[in-house]
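Asker: Structure incoming, see below.
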């Protein structure tokens, strides 16, 4: 057992101290700190309130436009300018934007937005709606329509939404849904990177030892089964350590950088579904890492030359990409049949559970059942990994399928 822990600790410490591990964690930490302080970073580059010029045909239209514009220019400073000066002052950067309002012969209003930047369709629609409201009031005054009648004419029909559900978590805002969607997407992407990264590492470790003949010296001091288990558990421990560090950094960002206040600014919060996505994501990541690392260990054991490693890992890479892209494809429809079926298929299930965690329809027993199916597959992979490593550790037969046939004939 001492030799097992010696191999395990050697693998673990070597991976933890690797430059790739340290650099990746620094990048993740920088990204998380940056996103947690995005509002402060934006304020650092903010030049202050926008300066907006308005060229209106009369004082009344200018005052009404200025008053109503506060709905989408809350912090802006308005200045009345002439039509001739509007474009000049924007070019000289004295104004950030200018609105030119004209009254046509048929008593309709026409607006022109002058800006050095491209004007979004949303901004154009807001200005159009504002000018339409002013125009309606002008025409109503000319036709002697009183305010009460005008309000009746402008009154919009009401449409209410009623969600029939026993779960409060279903009754969330669109902003909250987008936040949970982004959270699930980020976990899936991070899981895909971590899983394939550590799977490739264990395959490289085993294949390089085998093809360099170092294994001949190793197995004289430790049994092949102990050696392969120590290697696999060492890599899995590094991956779990990385996940724990990422979770700890997220917790620190939440409490140290007032992330709650930032989320509240967007009318979102860490609700029940958000925590469900995170918890399911952690469980799925660990199960997924175990499955893919064991599969990679099997493929690495069957590789006779280091040059053939990428070719040998192709089945695992394709499987990982299929799982990832199915998750991305179904992330907008987590209640769909495809998401439900694939959440019980080993190798696909870890990604799909995160997708389904966006809704309250995911039950605890479904998570347990899916995880148990994956764990059974992990147990099968352990048996295959032991058999392939023990039987092929000192053989160098070319071809993945030839190696598999030889192993299972024994």
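For all residues, glycine too, the Cβ spot is worked out from N, Cα and C.
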Asker: Which stretch does TrEMBL mark as transmembrane segment, out of 3-20, 21-38?
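Answerer: Spelled out, TrEMBL records transmembrane segment over residues 21-38, not the other listed ranges.
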Asker: TrEMBL tags one of 367-386, 387-406 as transmembrane segment - which one?
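Answerer: Of the candidate stretches, TrEMBL labels 367-386 as transmembrane segment.
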Asker: With TrEMBL as the source, identify the stretch among 178-199, 200-221 annotated transmembrane segment.
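Answerer: Here TrEMBL associates transmembrane segment with the stretch 178-199.
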Asker: Please figure out which one of 21-38, 178-199, 367-386 racks up the most CB pairs under 8 Å against the transmembrane segment (312-331).
Answerer: 178-199
Asker: Flag the pair the transmembrane segment (178-199) / the transmembrane segment (367-386) as in contact if three or more Cβ pairs fall under 8 Å (sequence separation 6 or more).
Answerer: no
Asker: So if I exclude everything within five residues of the ends of the transmembrane segment (367-386), which remaining residues of that chain have a CB under 8 angstroms from its CBs? That is, six or more out.
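Answerer: Those are 225, 228, 232, 280, 283-284, 287-288, 290-291, 294-295, 297-298, 301, 343-344, 346-347, 349-350, 353, in sequence order.
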